[in-house]
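According to Swiss-Prot:
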- HIS46: active site (ACT_SITE)
- ASP92: active site (ACT_SITE)
- TYR26, GLY28, GLY30, ASP47: Ca(2+) binding site (BINDING)
- CYS11-CYS70: disulfide bond (DISULFID)
- CYS25-CYS117: disulfide bond (DISULFID)
- CYS27-CYS43: disulfide bond (DISULFID)
- CYS42-CYS98: disulfide bond (DISULFID)
- CYS49-CYS91: disulfide bond (DISULFID)
- CYS59-CYS84: disulfide bond (DISULFID)
- CYS77-CYS89: disulfide bond (DISULFID)
Amino acid sequence: NLFQFKNMIQCAGTRSWTDYVSYGCYCGKGGSGTPVDQLDRCCKVHDDCYGDAEKIPKCKPYYKTYSYDCSEGKLTCKADNDECAAFICNCDRVAAICFAGAPYNDNNFMIDSKTRCNDI
């Protein structure tokens, strides 16, 4: 769920999860257009992953809880997750690791999505 995703982000990286809420075209609610950079691509992949999770019957990625471990920045999804939980956990784990490895451009925080995120 989103609370667990926030914790994964903070486990894997050094930035606060709030730095990603309104970043680029895909970090935060919704998304459109072309990702502005590597970090924004991480968010688009995460959005697409949640979209795939929703194809699993009764799987609600924004609310479903899952089991995972965070130890010294290493994220592991536990084996006791059901199919939906395992899928969402992996979406969040991959995204948190992607966020941690991507450069952060302050100029892409809170951009004007109407002008910068529409494909022409």
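Even glycines carry a Cβ here, placed using N, Cα and C.
The model shown is predicted, which means the values in this text are computed figures rather than measured ones.
On a Cα basis, GLY28 (Ca(2+) binding site) lies 19 Å away from CYS11 (disulfide bond). Closest in space to GLY30 (Ca(2+) binding site), of the disulfide-bonded residues given as CYS42, CYS43, CYS84, is CYS43, taking the CA atom of each residue. For CYS70 (disulfide bond), the Cβ neighbour count at a 10 Å cut-off comes to 16, with all displayed protein chains included. Within 10 Å of GLY28 (Ca(2+) binding site), judged by CA to CA distance, lie the following disulfide-bonded residues from the set CYS43, CYS59, CYS84: CYS43.
Excluding TYR26, GLY28, GLY30, ASP47, which define the Ca(2+) site, the same chain contributes CYS25, CYS27, LYS29, GLY31, CYS43, LYS44 within 8 Å (Cβ to the Cβ centroid), listed in sequence order.
Cα separation, CYS89 (disulfide bond) to CYS27 (disulfide bond), rounded: 18 Å. Other Cβ atoms within 10 Å of the Cβ of HIS46 (active site) number 23 in total over all chains.
The disulfide-bonded residues under consideration are CYS25, CYS59. Their Cβ neighbour counts within 10 Å are lowest for CYS59. For CYS91 (disulfide bond), the nearest neighbour among the recorded positions CYS25, TYR26, HIS46, CYS98, CYS117, judged by Cα separation, is HIS46. In three-state terms derived from DSSP, CYS77 (disulfide bond) belongs to an extended strand segment. Closest to CYS84 (disulfide bond) by Cα-Cα distance, out of the recorded positions CYS27, CYS42, ASP47, CYS49, CYS117, is CYS49.
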